[in-house]
Amino acid sequence: MASDEASPAAAERIRVVGAWAGSLEVELGGWTVPMLRAEVARRAGGVEPDRINLIFGGRVLKDDPPASLQQAGLKGNAKVLSTLLAPDRGKAIAAQAAAAAAEEEHNNRLVRLWNAAEALCQRHTDGSFHEEDFNLDLEDQSGQKVMFGSVDDLKAVKMALMLHQKAKTFIKRDMHKEALDVLAMAEEAFSLCDPKLIERVDNVPMLQLDIVWCYFVLRDVSRLEVAGTRLERARSGFERSHGKDSARFRLLQAGRHADLAIYVRLELLEGVVAYHNGNTVKARESLTSAQAKYMQLQVPDEAISILMSMGYGAQAAKRALKMTGYDIQSSVDLLCEEREKKIRRVQEDMEMQKEIMEQKKYGKTPMNKAVNMQKLKGLVAIGFEKKLAAEALRINENDADKALDLLTDPEQNCILQHKIMSKAKRLSRGSGSGSSSSRAAAATTASGVNNSQAPVDTSANVPDGSAMEESHVLPVINEEAANNVEAVNDDETVNHEEEDMSEESAEGEEEANPPPVRDVAMENELAHEMTGDALDDYDIDVSNEGQAISEYLSLLDSAA
């Protein structure tokens, strides 16, 4: 604390002018800017310290990061200007600083979100080594895996769907401003895909609809013109994928009305845009149609009770009834289908997890890729031992022809078998190699992800594509190959130094191509939010839509 009495030799005198004028004796190395601010505020009449602004050398002294007055540049006999801010001015500055910090944090999170989605899609599309114990696949409404377009198209679609799902999570939490930013990134990812491919699905129209819904909830009237354009794109996109009057969608959904809630929201927003543009006739037409569809989605409590008495949950029963027009039998059929899909998915997840865990046992290629299981199956089918074929593919960067040449060369085959057996012996002694350590670290890192598979749903309207054939493989040891390896171990002509050098070279190649740094927390967050529920996009709670319809119809009646 400063004092007007004699101070220790370490104290220096500084002059303060402005809101309070006088001299202070301070320890330049011990006092900080907040301490000086608090002392000036006390002497200025006990005002709040955040109302005191300190200026020295033409710059404002900041509290963050905490620094001594000496580090801030003050010396003995320094002159500091103090100004007294208005009460609201000080709070405004603090609020601006907090808002700027929040905006910076939000922007940093968006960058992390984009990078994490890109990294996940890259690893799960181009054959990179999976650091997780799940896989990302595209599925149609029937649960069949689909592949279309090039690798870049597939990556772009996966990335767009992943970001869109994240935005839907924000919408459900009423975080519509944050959702808009993520929806913009999803739209950018969709733009990287071939337009002819994504025209067949309704994910892009859904994205346009979600963007305009965020405009509406935020009451952003300034974007009405853009909103109208987006709604036109959504309408035409739904007609392409669902068919005229949803005829194609009804056919694929066995006559069910799963898309009814989507058209309630679409027609509501079309009516709102028309109303604010002065087109009352169009507004009333759209809002009246939306209200009729809204009434169809009001499920009677008696129907829910009937399904609950059969053992179904209230939420699942309500969803099934909404999508089937209150038809009890059709609702039961839908619930049974969904249950069968879940059972089938669990079985597929278990098989996929086995495959991924086996794939991790074989390690990474020099370019950090995983061993291609389809090519491995091909080599095993023609008689090669699995571990031997996997190692041949690994060191040859999954080039099946080079791996085959290596396996059919007796001398190279023998060296490869000896190398595998040497690694196995070292692992059994607990020493481990560099590649095995990296695999163990990868498995530990991935343990935070609970879902065994995170499928990304495309649309109800993807034509029956070629389902990706999965490789369900289990480790098998060929006794004959093992005996051959033992024979080589007994051979005194084997040059162990050359073998060690080759292994060090392989480890050096892996170190020369290290995998990129992962944002594990953000990747796990994205993965956990993918449900794989094909009907989740159509299961919309339209209570807010119902209130908005009544509100705008009342406005139209008042205007009339």
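Cβ from N, Cα, C; glycine included.
For 32-80, the entry in TrEMBL reads domain 'Ubiquitin-like'. Look at TrEMBL and you will find 298-338, 370-410 tagged as domain 'UBA'. Residues or ranges marked as region 'Disordered' by TrEMBL: 425-468, 480-516. Annotation comment: TrEMBL describes 434-448 as compositional bias 'Low complexity'. Look at TrEMBL and you will find 449-461 tagged as compositional bias 'Polar residues'. The compositional bias 'Acidic residues' annotation in TrEMBL covers 488-512.
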Message: For the domain 'Ubiquitin-like' (32-80), how many residues does DSSP put in helix, in strand and in coil?
response: 14 helix, 11 strand, 24 coil
- line: Summed over the domain 'UBA' (370-410), the DSSP helix, strand and coil counts are 29 helix, 1 strand, 11 coil
Query: When the pLDDT values for the domain 'Ubiquitin-like' (32-80) are averaged, what is the result?
result: 86
